[in-house]
Amino acid sequence: MTVMPADLKGLDLRAEIDRLRKERNAVILAHYYQKPELQDLADFVGDSLELSRKAAETDADVIAFCGVKFMAEVAKILSPEKTVILPDMAAGCSLEDSCPPEKFKAFREAHPDHIALTYINCSTEVKALSDIIVTSSSAETILQQIPADQKIIFGPDRHLGGYLSRKFNREMLLWPGVCIVHEAFSETELLKLKAQHPGAPIAAHPECPPTIVDHADYVGSTSGILNYAKAMEGDTLIVATEPHIIHQMSRALPDKTFIGAPGADGNCNCNICPYMALNTMEKLYLSLRDLTPRIEIEETLRLGAKKSLDAMLGMASTSVGKGDLGAR
Ligand code: 13P
Ligand code: SF4
């Protein structure tokens, strides 16, 4: 965790970040779950697939990644010649933590006739042990390209895997990981909210358990949910994903109402991703100033992980959002 020097007080952080961004020839990429002030200053805000593509194609010298560690690692895997910085190196992910590489390797070895289709929310080591990476916006398109008789291991998110398995009637061996944020939504509280807003559709991320997804009118990635909000006819939407995405919705659609789905006690902050929340303006400023914390990946490992990421980029739809999970 970064210790804040007292001399940051009184600094115009936004102006300093803008100055350093120019000086360093840096691009700032941010995920939709970042704090509004970080989304507002980013050069690009997107979902995991869009951010991977941006990282692969940028001609900046430095990529400052406002997201979590596995996302910054993807940027480094795809753009090894760039300096990739992450404001707080402790910004991990519960899905990544659920899938230690040595256990995943043993699981793969126990099922040699299966390919590993793996959610991007995992470590670089697990990517290197996988055949094809997917994101929530590319999973459906990619799964449909895999021959029906090919056996599949899907990890580490059992809810995304289970959702795909049910939707496509396709058996898969599921790794038992979950996202602690999406796992925290309460079906009881969601139904109470729905009763208060009977005309409002529900949009859910596929990392949610079936108790939530089964009530959703739309299931998809963060960018998919944002596109659904833009296309829907009504004026109110219940949003079952990390609530910072509502910032982009309210910016794009100021006259519509977006209501975050509740957690267990109806009023908790348990749906805020604690890892994403570690990134702050202060830490972004310091990381641009000092070019640290920096992502470094050993070359053999990087090349191993790049294979499964390249497979994803090749198989995913070329138009953003086209391969999204869509209406149930
Ligand atoms: P998206 O690819 O939909 O942005 O999801 C990333 C993520 O971590 C969701 O928890
Ligand atoms: Fe990981 Fe969940 Fe946070 Fe996404 S929201 S980064 S899956 S812990």
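Using N, Cα and C of the backbone, Cβ positions are placed for all residues, glycine too.
Because TrEMBL annotations are produced automatically, they should be read as predictions rather than curated entries.
If you look up TrEMBL, you'll see H31, S48, Y119, I120, N121, S136, H205, P206, E207, T222 marked as iminosuccinate binding site. The Cβ of N121 (iminosuccinate binding site) lies under 8 Å from the Cβ of S48, F70, C93, L95, E96, P156, D157, C179, each on the same chain and at least six residues away in sequence. Mapped onto three states, the DSSP output places N121 (iminosuccinate binding site) in coil.
Annotation comment: TrEMBL describes C93, C179, C273 as [4Fe-4S] cluster binding site. Its own atom aside, the Cβ of C179 ([4Fe-4S] cluster binding site) has 24 Cβ atoms within 10 angstroms in the protein chains shown.
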Between C273 ([4Fe-4S] cluster binding site) and E207 (iminosuccinate binding site): CA-CA distance (Å): 13
C273 ([4Fe-4S] cluster binding site) and H205 (iminosuccinate binding site), distance between Cα atoms, whole Å: 14
Where the C-beta lies under 6 angstroms from ligand 2, the matching binding-site residues among C93, Y119, C273: C93, C273
Alpha-carbon distance [C273 ([4Fe-4S] cluster binding site); H31 (iminosuccinate binding site)] in Å: 12
